[in-house]
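A.B. asks: Quick one: structure below, then a few questions.
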């Protein structure tokens, strides 16, 4: 088993009111100097069998058609190396 | 003979019964369709109603878009089947790419429920022909994810082609770009909007007016005269 991580973020030009609400709360918590916060989603996929190029290509298709809506979101796909090394 | 209009029920749909009722009041025959069933029962048109299909998990409408009923619906909508998406139905239509753009959370982050004033911008679609272009109507609005977004190219194209079907008047309730409340596809058979016309078909309920009824009489006329 291996873990593949898909990170999904709103495109930079899309307004993110949740991120803004988080950013505005920071000074109250004593965190200064953070000028912007953007909030996204992280998917952790536990893959049966080897994560070869074919498996990654399939996951990329999945991310593009389902996990992200590419009209408003960007995504990245990567193998979780830490989870791999711990095994 | 009257027209048969399908109403899809997904797990989490809320307004399927109200929509069926509105269709009946307009004089057409509502036909219940089920999300797991690819069979559209040879209906003449379909309404995707409001609610929270599949809990709105992932994104509003994102999981519903891959349900068996949508497989048939996407294919037939592309071939000209009239489809109206109300609220969650609008979200499903954008996720299915039958309508351009996408829906995001309201900019103020709150659920909103109010009587909303709209302007009918396009009275030539299958679902809006009983309105006049420029007509102002009051329809209930209730949603969490009502912020319509699209890139500038798409917005310019929608505006230039007269495909903004409805616009919010006086107050933009969710941060939608260009005050867009609803849009149509190029052919005019697929229309989506956030406000709920099916809740404004009788004087007793909703806004106390019947401003939503023309959606259902428009499609009936089109189908019966076809």
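Glycine too: its Cβ is placed from the backbone N, Cα and C atoms.
These numbers come from a predicted model, not from an experiment.
Got these off TrEMBL a minute ago, pasting:
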ACT_SITE  B:87  active site, nucleophile
ACT_SITE  B:196  active site
ACT_SITE  B:198  active site
A.B. asks: Counting only residues 6+ away in sequence within the same chain, which have a CB under 8 Å from the CB of residue B:196 (active site)?
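C.D. replies: Correct list: B:15, B:18, B:50, B:86, B:87, B:139, B:140, B:141, B:142, B:206, B:212.
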A.B. asks: Including all protein chains shown, what's the count of other C-beta atoms within 10 A of the C-beta of residue B:198 (active site)?
C.D. replies: 29
